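Copied over from TrEMBL, here are the features:
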type: COMPBIAS; residues: B:317-326; note: compositional bias 'Polar residues'
type: REGION; residues: B:305-326; note: region 'Disordered'
type: TRANSMEM; residues: B:6-29; note: transmembrane segment
type: TRANSMEM; residues: B:36-55; note: transmembrane segment
type: TRANSMEM; residues: B:67-87; note: transmembrane segment
type: TRANSMEM; residues: B:99-116; note: transmembrane segment
type: TRANSMEM; residues: B:141-163; note: transmembrane segment
type: TRANSMEM; residues: B:199-219; note: transmembrane segment
type: TRANSMEM; residues: B:225-242; note: transmembrane segment
Amino acid sequence: MPFMEFVNFYLMPGIVLGSIYALGAVGITLVFGILRFAHLAHGDLATLGAFAALGVVTIFGVSPWVALPAAMVFCAFMAIGIDKLFYDYLSERPKIIVVMSSLGIALMLRAIVQVVWGVDTETYTRGIVRPDDYWGIRIRDREIYTIIAMFVIVGVLWAFLQKTKWGKAMRAMSDNPDLALLSGVDNRKITMLTWGIVGMLCAASGFFLGINTELKPLMGWTMLLPMFAAAILGGVGRVEGAVIGGLIVGIAEETSVLFIPGEYKAAMAFAILLLILLVRPTGLLKGKVL
Amino acid sequence: MELIGLLNYAVFMAIFIGIYSLLALGLNIQWGFSGLFNAGIAGFFAVGAYTSALLTAPESSVHLGGFQLPVVAGWIGAMIAAGLIAWPIGKVCLRFRSDYLAIATIGVAEIIRLVVKSEGWMTGGARGVNKIPRPFGDLTYLYSQLAYLALVVAIVFVVYLAIERQISAPWGRMMRGIRDNEDAATAMGKDIKARRLEAFIFGAAVMGLGGALFAHFNRSITPEAIDPMIATFLIWIMLILGGSGNNRGALLGVAVVWIIWSASEFVTDQLPTEYAIKAKYMRVFIIGLLLQLVLRFRPEGILPEPQGTADRPEVKTLQNQESAAK
């Protein structure tokens, strides 16, 4: 197979899909690292974000790119609200109870999407976009924006975590919650902040999946496994690890078609997850193991 | 006539309650007694259903088969197959906290769904497996249903007794010990991984049997027979509401939730079509909300785990506070 064909049909779609997974995986790794549980409603929160953006597009008739920030803010408040209404009351109980609660939240969020927007497949814009040719690499504008946006969003988050007082407090909570508490970090504010950031990341990943493919009520749920595989592959609690993990899982899924039947593309994430748990549970960048 | 219809419906409901009871009992072994989070119940259910169906169904051009083994062999096969699927997953994931098992079991259910859908030579693809023999299937409708109900009840009873016996045996005490205090159990020299693996496989096998009973009851099994997430979730809410760690609680939870679920379907079916579809999703929303309320206000369920004072969450919190105060 010619090299350019591999790049155009397998590698580039893999990088685009990987960027979408990366955005979700960063959120998962934050919840896993700071709040210490597996958030199973992550995918469906992404679905809600994608449909919220669709709502803005249809009501105000604006471009989807304008709707993205609105959807991110909306999901940030949704995530904080869900935490305040449901997860917060379970914080004294074993963490696995919160995992169970999040499974219920996943179903509730999906039900909301299905009631409000119905079960049909939707798109942000109609019509087919042809890819442009850049020195032999065929890529669509929206695909370029997806990759750039992922790096910008994660870059901003990374700078926030490294440089600001609040970011440092979040990392302190992730490293050692008791010590962070003793040093005067306000647990509740950090939890709220984390959920806000996670909600924004969810909305972004859902939006970019929606703009590159279609919007379906189950779109987020099917992303859940790849996102978790990416977060664990990169190392739980490691933001840059989640990006690397996301890209690897995305590329692995798209190139897997060369070796296994296309129906089993979705199985790649699962295979990666089991393999990394078997070989190196701390992930590539030495994250936490809960 | 009306009365006969009502009786038929009641028997139909009771059989379903029996089948769901097996799933809930299986989950109780995994979650209630051992603290293992299985979010892929539908997967083990499907494996059991298809295994038993393929072992017993007559020859067909659309799927693997023609073994025509006796139904009992199909059921045993279903339990073995579900256990075999559980083994590698448990082997990899049980070393870690249960969060990892939750994610992996979601994956397993997804893969099983993919295999069932795309391996048409084996499972018949979308057409599924039909003409599955049913015990007492030759009788007239009502008697056949009643006989099958008796069979399901008998099986549930046997499984219930087996689990009760196992749980009050030293093995069961050890499992609860591991669940409540892993460090102490390790210190006492218990092989935690191996014990958890046993519980996970045992529970999965019971779920597989539930799947087999469903396939033979329905006489056919297709990929669309159950919605994986909703089926899995219903079992969870049944167990949590009824009382995890208590087998009788699990059975009670199944009956309560299944009756609420079916009754609400009955109500939404009366609505005009445009609302009926939306109402279907509202039911899912409400069942999700019900879980949140139970977790928050009555985490021990209707029938709490017996004898336990020390293993109830609120007591544990209290103890933690006490030890923190010291």
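Note: Cβ is positioned from N, Cα and C throughout, glycine not excepted.
Stretch with the largest number of CB pairs closer than 8 A to the transmembrane segment (B:99-116), among B:6-29, B:36-55, B:67-87, B:141-163: B:36-55. Taking Cβ pairs closer than 8 Å, the transmembrane segment (B:67-87) reaches residues 43-44, 47-49, 51-59, 108, 112, 133-135, 197, 200-209, 211-213, 216 in its own chain, all 6 or more past its ends. Packing against the transmembrane segment (B:6-29) from elsewhere in the chain are residues 38, 41, 44-45, 141-142, 145-146, 148-149, 152-153, 155-156, 159-160, 163, 199, 202-207, 209-210, 213-214, 217, 234-236, 238-239, 242, 244-247, 250-251, 253-255, 258-259, 262: each is 6 or more residues past its ends and has a CB under 8 Å from a CB in it.
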